[in-house]
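Undergrad: From Swiss-Prot, for reference:
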- H52, H54, H107, D128: Zn(2+) 1 binding site (BINDING)
- D56, H57, D128, H166: Zn(2+) 2 binding site (BINDING)
Amino acid sequence: MKITPVKALTDNYIWMIQHGNHAVCVDPSEPSPVLEFLVRNRLMLAQTWVTHPHPDHEGGAAALWRGYMESPVYGESDIEAATHTVTAGTRFTFGNGQVTVWATPGHTDRHTSYLLETSDGIHVFCGDTLFSAGCGRVFTGTVEQLYDSFQRFNQLPEGTLFYPAHEYTAANLRFAAHIEPDNADIQTALKAAERTPTLPVTLAHERRVNPFLRTEIPAVRQRAEALVGKTLNSGLEVFAALRELKNAYR
């Protein structure tokens with residue numbers, strides 16, 4: 001199985017998953033990059049997976065379905081183009097892989113991640129929940145939901161690969177360095193991120209550089225407390241403070 005990022009809009013990645021001469025697209029913001037990829041690689045579209053109902057994630061799904069009407073569109077009931085409604089725990093297959101749907105709200109009140117388990121490990125298509133060195137903004141969800149989604153991700157094996165839908169890594173790492181200026185892993189990752197695409201990323205890597213997965217680290221909590229000017233008594237409070245600090249960070 002081969003997984004390829006296709007660039008779309010300004011900073012979106014549409015993830016294309018190939019098995020034989022069939023492919024899945026994840027979060028098609030627009031149809032044309034997907035169609036060009038399919039033609040160039042002589043592939044048939046087998047499935048489309050949508051994580052949440054924002055135009056830069058579902059905008060191309062309806063057009064792709066019209067072009068490939070045998071191809072199901074998976075998404076929650078608020079995804080207009082969905083032909084196959086999913087909920088937490090829904091399972092289906094693609095190629096030799098097993099797909100499990102997780103509810104990972106926070107960015108939006110209803111947000112799904114697709115966990116693809118293959119012989120070479122777990123691949124998580126996480127939309128706008130987790131970014132490398134960061135997390136999604138809270139729109140219609142809550143920071144409590146987002147924190148819980150991160151806690152669940154953090155229980156996966158450290159070799160799990162995450163496939164976010166945006167390349168925000170360099171900007172996120174600059175904020176991470178603001179929180180942990182003495183973290184050598186962040187400095188190394190930042191230098192690399194300025195030169196090349198960074199995705200996908202392993203959970204092991206994110207545990208070293210993502211402040212939103214490091215809320216129990218004393219240096220992270222102390223820095224957050226210093227910046228917000230109050231005591232933070234739990235991982236959730238640290239997470240929420242970091243999210244507010246990131247919103248204001250320039």
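Quick reminder: no glycine exception, Cβ is built from N, Cα and C everywhere.
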Undergrad: When you measure from the Cβ of H57 (Zn(2+) 2 binding site), which residues in the chain that are at least 6 apart have a Cβ under 8 Å away?
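TA: Looking at Cβ-Cβ distances below 8 Å from H57 (Zn(2+) 2 binding site), excluding near sequence neighbours, one finds N12, D27, P28, S29, V50, T51, G127, D128, A165.
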Undergrad: Taking 8 Å from the centroid of the Cβ atoms of H52, H54, H107, D128 as the cut-off, which other residues in that chain fall inside it around the Zn(2+) 1 site?
TA: T51, P53, H57, T108, H111, G127, T129, G136, F139, A165
Undergrad: Taking 8 Å from the centroid of the Cβ atoms of D56, H57, D128, H166 as the cut-off, which other residues in that chain fall inside it around the Zn(2+) 2 site?
TA: N12, D27, S29, T51, H52, H54, G127, A165
Undergrad: Based on Cβ atoms within 10 Å, give me the single least packed residue among the binding-site residues H107, H166.
TA: H166
Undergrad: Just to be sure I understand the packing, how many Cβ atoms besides its own are within 10 Å of the Cβ of D56 (Zn(2+) 2 binding site)?
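TA: So the Cβ neighbour count for D56 (Zn(2+) 2 binding site) comes to 18.
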